[in-house]
């Protein structure tokens, strides 16, 4: 029977050592920015910023329709920033228990529906709330145009998100190499 050693060396580590490794692992994935999902998110961020900046520069608080447009534009802009950061730093890979393709598809479909209502409200209220040729009229008309473009961008993202959720056009090898986005 083997004898138990009289001296046993043990080694402990502090939590600070483990935290340093995870912080250094947060590097941006530039391949995501070049992907269709990343490019569409950047487009949504830029166009969404234009929508709410144009409306915010007018006296929108006097008209309920523009309050709705501001809510939709700012809320979806902030949520899109969160998703963009999650995918840019590949944090969605660390939170593997969340079905990200399904979450992104539901978000994009919901954003498309909300932007449809915002586009209709913004477009319908332009003539009623300002005189043609004035600065507020031009800003609100431009916001209507950009809200239509954002609506289309979210619609295209919904289509791609649906395809990613269903797994159309990819296999296990290509989805692993692409990092989960097309």
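Each Cβ is built from the backbone N, Cα and C atoms, and glycine gets one as well.
Unlike curated entries, TrEMBL annotations are predicted automatically.
Listed in TrEMBL:
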REGION    1-20  region 'Disordered'
COMPBIAS  7-16  compositional bias 'Polar residues'
DOMAIN    32-166  domain 'MARVEL'
TRANSMEM  37-55  transmembrane segment
TRANSMEM  67-89  transmembrane segment
TRANSMEM  101-121  transmembrane segment
TRANSMEM  141-162  transmembrane segment
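Remark: secondary structure over the domain 'MARVEL' (32-166) totals 118 helix, 0 strand, 17 coil, with classes taken from DSSP. Beyond the transmembrane segment (141-162), the same-chain residues lying 6 or more positions past its ends with a Cβ under 8 Å from any Cβ of the stretch are 36-37, 40-41, 43-44, 47-48, 50-51, 54-55, 69, 73, 76, 101, 104-105, 107-109, 111-112, 115-116, 118-119, 122-123, 126, 182.
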